[in-house]
Every structure is written in C-alpha cells, then in structure tokens.
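K.L.:
Relevant sequence annotations retrieved from TrEMBL are reproduced here:
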type     : residues : note
REGION   : 1-26     : region 'Disordered'
TRANSMEM : 75-95    : transmembrane segment
TRANSMEM : 107-125  : transmembrane segment
TRANSMEM : 145-162  : transmembrane segment
TRANSMEM : 169-190  : transmembrane segment
TRANSMEM : 254-272  : transmembrane segment
TRANSMEM : 298-322  : transmembrane segment
TRANSMEM : 342-361  : transmembrane segment
TRANSMEM : 373-394  : transmembrane segment
TRANSMEM : 406-429  : transmembrane segment
TRANSMEM : 508-526  : transmembrane segment
Amino acid sequence: MERSDLLSHRNGRQRKATGTSPLLDGMRGTHKREMNIAVPEEEAEALIGDSDSDNHGHRVERGIRGELGSVSLLLFLYVLQGIPLGLAGSVPLILQTKKASYSDQAFFSFVFWPFSLKLLWAPLVDSLYFSRFGRRKSWLVPTQYLLGFFMIYLSGTVNLLLQSEGGPQIVPLTGVFFMLAFLAATQDIAVDGWALTMLSRENVGYASTCNSVGQTAGYFMGNVLFLALESADFCNKYLREEPRDTGIVTLSDFLFFWGVIFLVSTTLVAIMKKESGEGRGDRGVQVETQGVMETYKLLFSIIKLPTVFTFCVLLLTAKIGFSAADAVTGLKLVEAGVPKETLALLAVPLVPLQILLPLVISKYTAGPRPLDVFHKAFPFRLLMGLEYALLVWWTPSVRQEGGFPLYYYVTILLSYSVHQVALYSMYVACMAFHAKVSDPLIGGTYMTLLNTVTNLGGNWPSTVALWVVDPLTLKGCQGAVEQNCSSAAAAELCVDAGGACVTTLDGYYVESVVCVVIGLLWWLWLGKRMKQLQERSPDAWKCRANC
C-alpha cells in the first residue's frame, strides 16, 4: 500500500493504485493499500480454461447472478484484508498526538513492509498446501484465525502499549502490528489465487473489482471511520447531543469487534465453502504449479537479466526525492494542531478524482513509450514536496481558537489534488511499462517481481525519511544559561533549570530541500536512463530457455 502509490499492494497480479496522500494518511504514501488484481489474460485462461465447460464439453454461458455468492465472499475477504491495514495506517497519527519521536515513527513504519516483501514467501503459499482441505483454504483459514486472535489479544494490551508512563512502547507495538500486516499479506496471496478459480471464466474479471472495492472499503473503515468515531471532538460535534471526553469507540473496542468478526467468518468459510467440487470456476481446472525452488530460481533468473536489473535499481531509487513529503508531511500537520480525524475525512471527497485519474492518464500511457509520461510528471511531483513544506510552515499562522478556517482545508484539498495528478501519472506509466516488458510466458511471476520492487522502492525511503527528522532538527534551551537540548537528557536538564527547549531549525524543512535536490539529480541523470530502457528490444526483457 508507496502508502502514496500504494499501496502498494499482489502476488504476481498487477494492481491499481488506491492512492493516498501524505497529507491525509499522516505516513508515507502508504502504506496504504496496494495495487489491485489485473491478472494477465494468458495466466487466467491457463488456470480456468476448462472452468466453464460442462461434463459433455459444451460451453455454458453463465451470468454473474449465478455466482453472486462467490463474488460476495471475495468482496468480504478483501474487506477483511483492508481492516488491519487501515488500523496500521491510523496508529502513526495516534502516536503523533502522543508526542512520539520521529525515530519511533520510523521504527513503526516497518509495519508496512510485508506487502512489499511478500514475494519472498508467496511461492510457499502457492506451492505448499493440504489438497483435501483446499489449496487456498490451507493458508486462508489459519491466517485469518491468527488475525482474529492477534486483534483480540491486542485489544486488551493496546492501551498499555500506547499510554505507558515513558511514552508509547514502540517495539512491542510495532511487533504486533507487523504480524498483523504479515498475516494480511499472506491472506492476500491466498485470496488472490483463490479468486482465479472461484469464479467461472466469463466472470473472473470481477475479482479485480472485488479487490479494489473490498480492500478500499476495509481500509476506509479501519482508518477514516475509526479515527472519526474515536475522536471525542468529532463525535461531540456531529454525533452527540451531550459532549463526552471520549469518542464512541476506542481502539481497543474496534480491535475486539473485528477480531470476533474474523474468527466467526473464518469458521463459516472453513465449514461451508468448499474450494473444489462445488465452485463453478473449479470444475475441470487443471492447475500446474512450479515447485518452490523452481519458482525462486525463476525469479533469480529474471533479476539477472541486465535490463531488468537496471530497471529494478532505478525503481528502488526513484522515490527518494518524494520521501520527505510522503512520509513526514501528514505527521507535521498533526503536530501543528490539525485534527487527525479531519485529515482522514478529507480523503472522502477526493475518491472520484482517484477513480477518474487512472482512466484519463491511461490514454497517454498506452503507446510504445509509457515512461515518457513518468519522466514528465517527475519534476512536478518534486515541486509538490516544496509546496507541502510551505503548507506545514504556513499552518501555525492560520490556526484560530476554534480550529482552522475553511480556506485552509480547501488549500489542503487543492494541494492534494495536484499531487495526485503527478502521482498517478507516474504510477500508471510505470504499471503500463511493467505490462509491456513482462515476458508473457511467465507473466505472473514477472509482474510480481516488478510490482514488489516498485512498492519496496517507496517504503525504504519513507522509513529513512522518518528516521532522520530528529537528527536534523536543532533545538536550543531558552531561559536557562549554559544548557542545551542536544539530547533527551540535556532537554530534561534544561527544563529542570527553568528553561524550555525551542526548535530553532526543523529537520523536516532541511530534509524536504535535500530530497528535492536528490530527486532533481536523479531526474536529470538516471531519469534519462530509465527512458532509454524503452528503446531496448523485446528480446532484452525475455527470459532465455535456460531460465
């Protein structure tokens, strides 16, 4: 889910970005949510080529009505997948209100890495299973049970982790949410694979719709809806007649509720839904799978191709210039007093824009040189990083006693909208190039590799960007002679001496400028090399016979 490109985030299947904003998510581009299934046609046909034939070999045309149950199940499974992702995306904003350091935020950002690394264990999920129970259910059922148990366990401990005397306990908090994200990524692999055989051939395209709608809805409930209902200010203003000190729900309540939903629904799926024999898409399917080692060898062989290796290096470095804007901006706005739930709710009116942008941009990336669009949009997205820095600098000056004026939030929406145009231009162009160069004989594995590298290329710069904010920030001790604020201990001495630590140089602004400079250098030097990859012959991207 880059949490801006999200994210990000699928097991060999191309995904559509459910774009997020550094302003609205409060963390890197995402964490967010990743890309939605668009299975290569050759792969889908190979997997379900016989699924719409009856026992006599005659084709039977089936409408979607006959498979509403399967479509509904897929939609529900993807909604479940989005819930832990949305909750993980809301925690950084909660941490920011509790004055967590940016080093702590950087450590917690590792929670969002599993969707960018799932290629490492996807072959295991695809290849190891109990045939009598079901190839996908062998992983789906235990994974969702673990998700449910983890959420129920976390519901009883999350308040202690967030509200301890020394501040939030970042290490155990990160560990638990990392496990949630890891399990959600594993569930995603299983559901993506099951989607191909659960539906009949003429309806398999609905799997992409289920993924897009379901994961987005789940993320919305786990992030935007939760933050709104958890906010006492929002609930008192819009949902209550008598004000209270807390929201309608707490993080503990929300986790417990969805933990129970996971356990109950998984039990029903395990008992009532048979993976083979009953599903219309499963009838007659002959799925040939490679062994685990063969799949890993294939991935390594693809990476060794000179053009692919060069492209992967470019993908891993392209988003360094955007990291400060994507990872830190939202947290800085919360630090400046912007309500976290308001930032989350600002994403709602922009959903139509996120739906329309890929449709419009795809008209310009459908030709033989899609990376030209990527190259043209790159500097505009870099400039938005400077605009975001100005927005953060401007925020304290427009804050009023009752909050922020309407024109301030309009400015955020306009800034985000412009940012989205550049973001989607780059993303759609990149995905179009992936589809263009992927060897059709191994399209699924090829797309998995390129999409995974793309997502990882957004995650690691965001983590680094969060980590260096504090070291780049300079603070001075005012009101106490010969004291400084160079460390936590020194800051405590400053306060004990009657002084106060005051920020003299915010590391976010330093980092924003440095990132833009690095991004411009990348665009001028490596950006041209990336465009030149379009001129390589198709054979340069194909895996040889010994692959």
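Numbers here mean position along the shown chain, with the first residue as 1.
The backbone N, Cα and C atoms fix where each Cβ goes, glycine too.
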K.L.:
Taking contact to mean 3 or more CB pairs closer than 8 A (sequence separation of 6 or more), are the transmembrane segment (107-125) and the transmembrane segment (169-190) in contact?
P.N.:
yes
K.L.:
With a cut-off of 8 Å between Cβ atoms, can you find at least three pairs linking the transmembrane segment (145-162) to the transmembrane segment (254-272)? Only pairs 6 or more residues apart in sequence count.
P.N.:
yes
K.L.:
Which one of these stretches, 75-95, 254-272, 373-394, 508-526, has the most C-beta pairs shorter than 8 Å to the transmembrane segment (169-190)?
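P.N.:
Ranking 75-95, 254-272, 373-394, 508-526 by Cβ pairs under 8 Å to the transmembrane segment (169-190) puts 75-95 first.
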K.L.:
Rank 75-95, 254-272, 373-394 by Cβ pairs under 8 Å to the transmembrane segment (298-322) and hand me the top one.
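P.N.:
Checked against 75-95, 254-272, 373-394; highest Cβ contact count belongs to 373-394.
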K.L.:
When you scan the chain for residues with a C-beta under 8 Å from the transmembrane segment (75-95), skipping those not six or more beyond its ends, what do you find?
P.N.:
1, 3, 25-27, 30-33, 104-105, 108-109, 111-112, 140, 144, 147, 151, 162, 168, 170, 173, 177, 180-181, 183-184, 187-188, 191, 210-211, 213-224, 226-227, 251, 254-255, 258, 261-262, 265, 269, 330-331, 334, 340, 343-344
